[in-house]
Structures are given as C-alpha cells and as structure tokens.
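Beneath this line is the structure, given in structure tokens, with notes to follow.
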Amino acid sequence: MFLLELIKGIILGIVEGLTEFAPVSSTGHMILVDDMWLKSTNFLGSQSAFTFKVVIQLGSVFAAAWVFRERFLEILHIGQHKPEPSTSGDRRSKPRRLNLIHVLVGMVPAGILGFLFDDLIEKYLFSVPTVLIGLFIGAIYMIIADKYSKTVQHPQTVDQINYFQAFVIGISQAIAMWPGFSRSGSTISTGVLMKLNHKAASDFTFIMSVPIMLAASGLSLLKHYEYIHLAHIPFYILGFLAAFIVGLIAIKTFLHLINKVKLVPFAIYRIVLVIFIAILYFGFGIGKGI
C-alpha cells in the first residue's frame with residue numbers, strides 16, 4: 001500500500017510538472033485528477049492531499065525559477081544580462097530592459113484578486129463543471145489570439161514590454177484564477193494580442209508567475225500547516241522532485257517550440273479533454289458523489 005501511494009505521488013508530480021506552465025491549466029488537471037481519482041482512493045486523506053498538491057506545485061515553480069535564474073538575478077541587479085535585440089529594425093531607439101517594476105505591475109491584479117477572493121474561488125470554482133467551462137473558454141481565447149497573430153507582425157521581445165502591456169497581461173493572469181482557464185494560456189494569448197511574439201509573451205508569463213506562485217503556495221502551506229505530517233515527508237519529497245525534473249524538461253521544450261507550434265494545438269487538446277471528461281462525468285457519473 002505504501003509503495004502504491006508513493007507511485008501515485010510520483011504520477012501527480014509528473015502531471016504537475018507537465019502542465020503547470022503549459023497553456024492547458026495545471027490547476028484544472030489537478031482538480032480533475034482529484035475529483036475523478038484521488039478522492040476515490042483516499043490518497044493521503046483529503047486535507048493532506050491538498051498540501052501535497054501545494055508542495056508539488058512548488059516543484060514546478062522552482063523549475064521555472066531555475067530556467068530563468070539569470071533573468072531574476074539581472075532583474076534584482078545581482079547579475080548581468082544583455083537585452084534581446086529589437087527585431088523592429090529601428091536602430092535609433094534605445095533598447096528597453098525588463099525590470100522589477102514590470103514584474104510587480106504584472107503581479108498586482110492577481111495579487112489583489114487572490115487576497116480578496118481566494119477563499120470564495122476555492123469554495124465555488126474548484127469543481128469539475130467549472131473547470132470544464134474554464135478549459136473551453138480559455139481554448140477559444142487561445143484560438144482567437146493565434147488567428148490574430150497571423151494578421152499582424154509581432155516584433156517585440158520580452159525586453160521591449162512596456163508597463164501598460166505588463167499590467168494588461170497581469171489582468172489576464174487574475175482572470176486565470178478561474179480553474180481551468182490556465183494562467184499561461186491566458187497571459188500568453190493576451191501578450192500575443194498586444195503584439196508580443198509567442199516566445200516573449202511566454203518568457204514574461206513565466207517570470208511574472210514565479211513570485212506570485214511562490215507567495216500563494218507559501219500562504220497555502222501556512223494556512224494548512226496542521227495537515228503536514230512527518231509520515232508524508234517521503235511523498236512530498238518524491239512528488240516535489242518529480243514535478244521539478246519534469247517541469248525543467250517541459251518548460252525548456254515549450255519555450256523552444258512555442259514560436260513554431262503556437263497555441264492552437266494546446267487549444268485543440270483542451271477542447272478534446274473537455275469533451276472526454278464531460279462524457280465521463282455527465283454521461284457515466286465518474287467523479288460525482290465522491
């Protein structure tokens with residue numbers, strides 16, 4: 001039984017690492033896994049399972065922090081980083097550089113919304129039906145953004161983002177607190193609609209997400225610290241490591257491919273997932289009444 005629980009923990013860490021920064025909604029996937037699998041197997045008990053999911057999310061966050069470590073050091077004026085060259089062809093303009101203010105401006109909307117409504121969001125939106133709605137609406141938004149990207153040029157790199165763009169992208173991050181909508185799907189789509197290329201929008205999304213996710217995860221652990229048990233430490237360690245290692249691979253692969261594959265393939269996956277889960281949930285009652 002102990003070995004089986006460890007395997008479940010590793011699987012959850014892999015799912016978290018694969019989905020946290022892909023535009024498919026890791027929270028949505030974890031809720032689906034929770035409602036349609038974990039609750040039926042009573043993995044660690046409901047409250048301890050929640051803290052486990054927070055811990056493995058930290059694994060993915062630390063993976064993103066590692067991938068962008070040079071950027072964070074430069075933003076904090078600890079390291080040196082040359083801004084990406086402009087592709088606009090204007091050599092007279094002095095290149096901008098992404099700085100701490102951009103990150104803070106992008107964090108403000110989600111920070112305020114999370115502080116005010118975190119408990120309500122967790123109470124009313126963390127269910128299979130609401131996740132399916134978020135997955136579907138988010139997929140449509142991503143398709144619209146990709147269609148728009150084919151009709152305009154996207155010359156801006158991440159170092160050319162201005163404060164207004166950072167704030168608007170931050171608003172879309174706040175909207176993505178609806179489980180299933182997807183933080184990266186929402187913010188990358190908004191960045192593309194604001195004339196960033198897909199890679200630049202992805203870079204800013206990941207950089208902006210790390211501090212706010214660290215804060216949110218830390219707050220969740222403080223609120224539920226009584227459910228952290230020494231007996232569960234092996235699960236936390238293995239789940240964290242699985243999420244961290246898989247997250248590193250997933251993030252690097254995603255950033256390498258995003259300008260080529262765009263967002264539509266992820267949107268199609270989301271729509272197919274919605275149909276599949278809806279059939280299981282509404283047609284066969286799997287995940288209901290657990």
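All positions are counted from 1 along the displayed chain.
Note that Cβ sites are derived from N, Cα and C of the backbone, with glycine treated the same way.
Copied from Swiss-Prot, the annotated features are:
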TRANSMEM  1-21  transmembrane segment
TRANSMEM  48-68  transmembrane segment
TRANSMEM  101-121  transmembrane segment
TRANSMEM  125-145  transmembrane segment
TRANSMEM  161-181  transmembrane segment
TRANSMEM  202-222  transmembrane segment
TRANSMEM  231-251  transmembrane segment
TRANSMEM  266-286  transmembrane segment
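The transmembrane segment (125-145) makes contact with the transmembrane segment (266-286), as judged by at least three Cβ pairs under 8 Å among residues 6 or more apart in sequence.
For the transmembrane segment (1-21), the partner stretch with the highest count of Cβ pairs under 8 angstroms, out of 101-121, 161-181, 231-251, 266-286, is 231-251. Relative to the transmembrane segment (48-68), the listed stretch 231-251 leads the set 101-121, 161-181, 202-222, 231-251 in CB pairs under 8 A. Segment contact is absent for the transmembrane segment (101-121) and the transmembrane segment (266-286), given fewer than three CB pairs below 8 angstroms at sequence separation of 6 or more. Same-chain residues lying 6+ beyond the ends of the transmembrane segment (202-222) with a Cβ under 8 Å from its Cβ atoms: 21, 50-51, 54-55, 57-58, 61, 64-65, 67-68, 71-72, 75, 98, 102-103, 106-107, 110-111, 114, 158, 161, 166, 169-170, 173, 183-184, 187-188, 191, 196, 228, 251, 254-255, 258. Residues 25, 27-28, 31, 96, 98, 101-103, 105-110, 112-114, 117, 121, 125-126, 130-135, 137-138, 187, 189-191, 194, 196, 200-201, 204-205, 208-209, 212 of the same chain lie 6 or more positions beyond the ends of the transmembrane segment (161-181) yet place their CB under 8 Å from a CB of it.
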